[in-house]
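J.: Submitted below is the structure of interest, expressed as structure tokens.
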Ligand SMILES: *Cc1c(COP(=O)(O)O)cnc(C)c1O
């Protein structure tokens, strides 16, 4: 039975789907009343290792019996360890742990501003951002995202973000002023509808930042942690950022985020400049380290690329056969989108009827974000179910 929203104790901020899940295992979710679904939403790109991954369950249980939380007043060995491991496999030298993506972005924005402040250019506080972006729901990150529907009614927009068209280099150049601190971009816009920045574009932005002393800030909250078949999406472009926000997949379902930076970019973040009570607590670090154990194991990312290829080819064939419903297939790795020829919510509802959970995105896209551990057989089963849904939608169209 679904709760009557009129009598709910909860804020009405979410228009929830009337399903109540009780347990999960790998790609599968089971409702209280025993119905099984294939979860291709992955808790919005969070459950990278699927549900109830044994290594994560073990790590969480073991840490739960030892120590949950101490605050950042003390040293936290798990932070040191996860920090060392993340910096070893990325461009970064420094890490700040948070509980969420928006907080990772807040840390990234503050890091960029402080960098220029301590470099003797305090006037440089503005970031160039992109139309269709999503960076979170805090006051600064809704300003960075720039979407009217998230800004409306929440008072003056936080100053310091100049939005330009995604993919337009001329617009970036035109937006540069003496106050520009850097550029903030998602390599692939997730909420915005699985819109990819080309490798050439990312390289051009990197060169532009270098030319003008700007910081390149990447939001890899959704694209990171193996989602695109590389540990981070920007690796495909052969560039590195100065600052990067990470969350979602890094905790595998435990609330965890991180802001990564080079030594130089992080130089302004000295003692007392920033902080968090929970961020990087021992429980979160135990899970974060366990996630990395799995993701850094040999063959893991290869597996992601292999199954992603199966899925993308299968989706392309579906688009060929049902162009009225599947207009276009987008994305990289297991961050995939179907641009729907019918309302995306209608297609997603048909998919649920066929036992597949997906997520919606902007631009009338249905997002497919399966766990990275999905097998090729599970991909084929999911694709059969998606085809059933597409055919059902088509029949109703006719
Ligand atoms: C989800 C998301 C965020 C915000 O993360 P929260 O954990 O919801 O605060 C920021 N940026 C991108 C690209 C995201 O996908």
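Glycine is no exception: its Cβ is also placed from the backbone N, Cα and C atoms.
Sharing the feature lines straight out of TrEMBL:
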- 101, 102, 134, 219, 220, 221, 222, 277: pyridoxal 5'-phosphate binding site (BINDING)
- 137, 276: N(2)-acetyl-L-ornithine binding site (BINDING)
- 248: N6-(pyridoxal phosphate)lysine (MOD_RES)
J.: Which one of the binding-site residues (222, 276, 277) has its C-beta surrounded by the most other C-beta atoms within 10 angstroms?
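T.: Compared across 222, 276, 277, the most Cβ atoms within 10 Å surround 222.
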J.: Quick check on the binding-site residues: of 102, 221, whose CB has the lowest count of neighbouring CB atoms inside 10 Å?
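T.: Fewest other Cβ atoms within 10 Å, among the binding-site residues 102, 221, is found for 102.
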J.: Quick one, of the binding-site residues 219, 220, which Cβ has the fewest other Cβ within 10 Å?
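T.: So among 219, 220, the binding-site residues given, the one with the fewest Cβ atoms within 10 Å is 220.
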J.: Among 137, 248, 276, these being the recorded positions, pick the one whose CA is nearest to that of residue 221 (pyridoxal 5'-phosphate binding site).
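T.: The smallest Cα gap between residue 221 (pyridoxal 5'-phosphate binding site) and any of the recorded positions is with 248.
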J.: Would you mind sorting out which binding-site residues among 101, 102, 134, 221, 277 put a C-beta under 6 angstroms from ligand 1?
T.: 101, 102, 134, 221
J.: Can you give me the same-chain residues 6 or more apart in sequence from residue 101 (pyridoxal 5'-phosphate binding site) with a CB-CB distance under 8 Å?
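T.: Those within reach of residue 101 (pyridoxal 5'-phosphate binding site), by Cβ under 8 Å and sequence separation of 6 or more, are 135, 136, 219, 221, 222, 245, 247, 248, 257.
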J.: May I ask which of the binding-site residues 102, 134, 220 is closest to residue 276 (N(2)-acetyl-L-ornithine binding site) if we compare their C-alpha atoms?
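T.: When the Cα distances are compared, 102 comes out closest.
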J.: Hey, of 102, 220, 277, which of those binding-site residues are within 10 Å of residue 137 (N(2)-acetyl-L-ornithine binding site), Cα to Cα?
T.: 102
J.: Counting across all protein chains present, how many other Cβ atoms fall within 10 Å of the Cβ of residue 134 (pyridoxal 5'-phosphate binding site)?
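T.: Around the Cβ of residue 134 (pyridoxal 5'-phosphate binding site), 24 other Cβ atoms lie within 10 Å.
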J.: Please give the maximum pairwise Cα distance, in Å and rounded to a whole number, for the pyridoxal 5'-phosphate-binding set 101, 102, 134, 219, 220, 221, 222, 277.
T.: 25
J.: With H, G and I counted as helix, E and B as strand and the rest as coil, say where DSSP puts residue 222 (pyridoxal 5'-phosphate binding site).
T.: coil
J.: If you count Cβ atoms within 10 Å of each one, which of the recorded positions 137, 248 comes out on top?
T.: 248
